[in-house]
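One structure is given here, and the rest of the page talks about it.
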């Protein structure tokens, strides 16, 4: 019988609870099981079940576990399940005997009343009345045993241990909200507005920021629009999900900072930071490192079969693959799946009809698990958020960009490709095998090589490197015998290459490797075009072996000199060289006021395609001059934009390079979409265009512009730095990078995001008005070219 009890404890009790509740159980059982701080941190569910079996000989601690679960509102359903499982083991006869011991006057129970009897054992009526009395009695009546009052809540045990002290028996603790197990969808909606058991935690806690989402807009039950973001923070012993309802704190929750939080709320295993909370950066003597196991635990996503077993009311975070999307009038059903099963995610409000497709990954924040008819669903609530991780770009299926076979994709590391600068001479290029075939280079590779040579010459000469002789890195089709390399003078000065040129050369070498591999050139040995100072005497050409060994071959991966915060792990630099003509560019503007981060927008085009560009390196402003032809490489493709960062290569193309952009393509770049077209577009796309302001309304932190044309009206919602622009009814707004967001009535609205920009085109009578620095005035309708 003891073994059966242990099976219930482990397989149907501990196994199905989440990590936070398991840590809570360990804390509550710490006295009974003699768990020290290290054991509480390191023991897993199996080890705890073993200790419970040893300590509680009769039922392996099942009764104790049921009592704990009953005190946690989100686990009440699970407590009932465990009672029924315990009843099955004990049998009806033993249940009747137990009932007689408790209440000798009670009649023998039937099978159905046996369930209630078992419930009485774990939560007898007298105990319920006593608990109710305690709640009314005040502080004196609220004292209970330490083992029942010390979960490692963010403000209690967990945070205390993180700061080097054990939780006090009298520490005020927080309780998750009283989630009902009722499965009616109306109850789910009601649950969003029902007051939760919020516990104000005044004690300051020190945490490290692990990650944050972008700010997003949500709607309160009072139909008021507000902005928030989610974050994940950690101490040295545990992590916490945080709702940050004060977006002015975004800078604090940034860059792996260590911060101090006080006056926050705690509920649902979450922390809530609002306008009343205090957040400050920790001092230099308050730094600490979060163990990797805590970081990995914070990133962990539960398997779907485990979610199906969890109690209704749990809050869920995680990354799931989208299998199917069904859009209804007010809700969207996202069917997610993994290798263990499937589950529906119901999105409403800001989670309704987000732009995603099958194969994308959905990162869910703060979704509620609900059950109905033994079926589990994840339901979005007021603060829920979905972040899309797009599947592999379809362009990867293009033969031009498909991965090459293993032997074609392997090159030596940079150290073997001669990119070091030990002294002041140029290194003699490494030569290919002596007998390459005449088809060693394809025609496409020859074109690529020609482009690369031109590009490298321009870039290095532009950086100020003065080569005393012919440019030695030109490469081309190899003949049937090795070429004698062109050698520089024997005594160039030690300042032959500047540090800046060294960086340029390193970038160019990396870029050429990526480009030529992408084009399909098959180099049987080390890359021959690496350049750099060598020793004080010429090198004999280094010849690779006829059959290169795998010891010096490795799969080439693009190397980024700097990994900016804006680039997520799902985005990658595009290594292909893109020659474009600049059509227009905005002025530089500050998009992050506190850190004074600047950027500008641009529109560029090839001879058959137009691209919107976000440029985060304002030193490149001169490059993005209208009608100039430039070459761009190592840029990032995201959300329909090309993004240019400090690691991106941008250079002028030869003066004799001509590019004719069709007039129809130029017109398409400057056209403003009609409002009725916007209403039918996919929500989540980004919009540029010029619209007339029909009405302006300022409400709190937001400014609402009603724009109109001859096809309809739409609302533009502006937040943050753009709310102070000088704009009146009748003016025109040139909007850049505004997100098309869903709105009730399925009309949609345009919302400002962090990279949005507004240019005000004033009417003649207001021409002399002073404008906000974030905007500019223009009276000519020909604003694009």
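The backbone N, Cα and C atoms fix where each Cβ goes, and this holds for glycine too.
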Among the residues 371, 518, 683, 695, which does Swiss-Prot list with the feature SUMO2 cross-link?
683
From the candidates 116, 391, 400, the one which Swiss-Prot records as SUMO2 cross-link:
116
Range annotated as region 'Disordered' in Swiss-Prot, from 390-442, 443-495
390-442
Motif 'Nuclear localization signal' range according to Swiss-Prot, out of 96-100, 121-125, 151-155
96-100
All-chain count of other Cβ atoms within 10 Å of residue 598 (N6-acetyllysine)
15
Where residue 45 (N6-acetyllysine) and residue 614 (N6-acetyllysine) are concerned, what is their Cα separation in Å, rounded?
49
Out of 214, 575, 614, which of these modified residues is nearest residue 598 (N6-acetyllysine) by C-alpha distance?
614
Where residue 214 (N6-acetyllysine) sits in the secondary structure, as DSSP reduces it to three classes
coil
Integer Å distance between the CA atoms belonging to residue 614 (N6-acetyllysine) and residue 214 (N6-acetyllysine):
17
Return only the integer: C-alpha distance in Å from residue 614 (N6-acetyllysine) to residue 575 (phosphoserine).
17
10 Å Cβ neighbour count around residue 614 (N6-acetyllysine)?
22
Reported mean pLDDT - the domain 'Pyrin' (1-88)
87
Using a 10 Å radius around its CB, how many other CB atoms surround residue 45 (N6-acetyllysine)?
18
